[in-house]
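The block underneath contains the structure these notes are about, expressed in structure tokens.
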Amino acid sequence: MEVSADRQETPNKPRPELEEVEHHGQPWMLTTTEAKLLGIAGVGFFLDAYDLFIINPVTTMLQYRLYGGKHLPADLEGLVKAGANIGSVIGQFLFGYLADSLGRHKVYGKELMLIIFATIMTITTPTGQLTPDHSLIYLAIWRIVLGVGVGGDYPMSASVTSDRANIRKRGTMLTYIFANQGWGSLAGSLVIITLLAIYKHTIDVEGHISKVDGIWRIAVGLSLIPAFGTLYQRLTLGESTRYEKSKKLSEFGPTSPSDSEEGISKLKDLSGKECDATQVKNVDDNADVRSLAPEEVVKKPAHFKGEYFRRWENAKLLFATSASWFLLDIAFYGINLNQNVVLQQIGFDGATGSAWHKLFRVSTGGIIITVLGFVPGYYATLFTIEILGRKWIQIQGFLVSALFLAILAGKFHTLSTVQFIVCFAFLQFFFNFGANTTTYCYPAELFPTRYKAFAHGISAASGKAGAIISALAFNRLSKSIGTPAVLWIFFGCCMVGAVVSLLLPEVKGRDADVIFAEQIRERRRKQGAEVDID
């Protein structure tokens with residue numbers, strides 16, 4: 001592909017080689033450029049899952065380090081588990097807004113720097129100098145800061161990737177990134193079980209149970225390796241053509257209303273072919289469409305004080321992406337942030353045996369569930385998303401997850417351990433071959449470029465709000481009304497999520513910028529004059 005003069009590499013400018021990605025072969029087949037982009041963007045979600053889900057074995061270890069094997073105080077345990085999600089809400093709003101207003105290049109990488117700093121502070125928790133309760137509060141504070149960085153990665157990586165991906169494989173590219181959550185969760189479980197094996201003699205034979213304090217610190221600290229490994233690439237990743245056009249033309253504006261109307265018409269003529277995934281030919285065609293992005297006809301800078309989301313046709317979509325993510329995360333994080341509680345209640349923590357054997361059993365149960373359901377679910381979505389579409393996958397995922405939640409709730413006390421694990425693994429599979437993946441993809445594909453990152457941040461923050469509710473309420477509710485009743489609540493959330501998903505259109509092959517341009521054109525046609533959409 002020939003590079004235009006204004007995009008040639010010059011000194012003191014970020015690397016442009018990931019400006020756009022190729023799209024030859026099957027959607028799930030990656031070129032070198034695509035793999036490099038996904039490696040840079042995907043590490044954030046690897047760390048997301050690693051950091052968020054490793055907190056389960058960490059809190060179990062802290063029971064022995066701080067409370068002599070007794071359960072953590074319910075409120076503090078909930079705060080530690082919810083801390084990263086509380087921070088994520090802040091990070092998703094903040095980085096989503098900054099990505100649209102300042103540009104992806106100026107912001108990308110800053111969220112990873114925050115993750116690195118918070119991780120270092122987390123492993124400095126002075127459990128020997130503070131009281132047990134104060135140690136948990138210290139840990140929770142830095143988990144919140146960590147969450148700000150993790151949350152910021154959602155809109156950043158989604159917009160960076162979708163800005164560059166061709167429509168034909170945009171969903172696949174986003175799914176590749178999100179699938180790193182499965183590998184992050186698996187890596188966390190493997191790290192814990194490996195460290196426990198190394199420390200077996202010290203803890204189980206010599207009886208030095210306090211050594212678990214070192215295990216969880218090493219496990220958390222190992223996440224710094226992939227973080228440092230991709231920090232430079234993020235900080236030096238150049239801006240996409242689509243965003244550069246948007247920013248430049250938002251500053252200077254179009255020359256005249258007639259030029260704007262001609263731009264809209266040409267955009268529709270060209271991108272009508274691009275919207276059909278089967279007709280996409282090469283990157284140059286896609287670049288032509290981007291050069292005529294609807295930002296050319298909009299004068300004011302991108303922000304959320306304008307008319308776009310005041311119209312029900314657009315607000316309805318933001319409501320649907322936010323509500324479906326909120327409902328999904330109540331169930332998804334309610335299950336996964338408290339996986340150790342569920343495993344303990346079905347006896348997979350070891351009814352008898354030493355503290356080491358209990359920790360080892362909990363970690364083994366986590367690996368079984370991750371391998372059987374977590375990772376396969378992501379890749380079932382990856383290979384079918386451009387065939388089945390996002391809407392079908394999301395609705396069926398909600399419904400089938402509800403089915404398995406009903407089985408677990410109704411037979412909680414009668415299922416054997418094997419039966420429970422099998423049902424639990426299927427539940428995880430259909431969470432990920434379903435709404436957990438598509439709720440991430442939808443905002444990045446549904447909204448036009450100038451609103452994409454902030455809309456994604458709002459949707460993701462809504463999801464994290466649901467996760468916070470689950471983390472704070474699960475332990476207290478499970479003790480007061482019982483775990484089966486809590487699972488019935490999750491069942492209801494999934495059923496409502498399926499209904500809300502009916503508001504969403506199918507976005508396979510859909511160009512949100514084309515829809516945006518048509519909205520501008522329709523308003524001008526109705527009002528008979530130039531309309532400033534903001």
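Glycine is no exception: its Cβ is also placed from the backbone N, Cα and C atoms.
Ranges compared are 315-336, 359-380, and TrEMBL records transmembrane segment for 359-380.
Within the listed segments 1-24, 241-264, TrEMBL records region 'Disordered' for the stretch 1-24. For the transmembrane segment (177-199), the partner stretch with the highest count of Cβ pairs under 8 angstroms, out of 78-99, 111-130, 214-232, 392-412, 418-442, is 214-232. If you look at the transmembrane segment (359-380), the same-chain residues 6 or more away from its ends with a CB under 8 A from one of its CBs are 53, 56-57, 60-61, 64, 175, 178-179, 181-183, 185-186, 189-190, 192-193, 196-197, 212, 339-340, 343-344, 348-350, 353, 421-422, 424-434, 436-437.
Remote same-chain partners of the transmembrane segment (37-58), defined as residues 6 or more beyond its termini with a Cβ less than 8 Å from a stretch Cβ, comprise 18, 21, 30, 80-81, 84-85, 111-112, 115, 119, 143, 146, 150, 153, 156-157, 160-161, 164, 173, 176-185, 187-189, 191-192, 216, 219-220, 223, 226-227, 229-230, 233-234, 237, 336-340, 359, 362-363, 366. The highest tally of CB pairs under 8 A with the transmembrane segment (392-412), across 111-130, 136-156, 214-232, 418-442, 454-474, is held by 418-442. Distant neighbours of the transmembrane segment (418-442): 154, 158, 171, 174-175, 178-179, 182, 321, 324-325, 328, 331-332, 335, 342, 346, 348, 365, 368-370, 372-374, 376-378, 380-381, 385, 390-391, 393-394, 396-398, 400-401, 404-405, 407-408, 411, 459-460, 463, 494, 497, 501, 504, 507; these residues of the same chain sit at least 6 beyond its ends, with a Cβ under 8 Å from one of its Cβ atoms. Ranked by Cβ pairs under 8 Å to the transmembrane segment (78-99), the stretches 111-130, 136-156, 214-232, 454-474 are led by 136-156.
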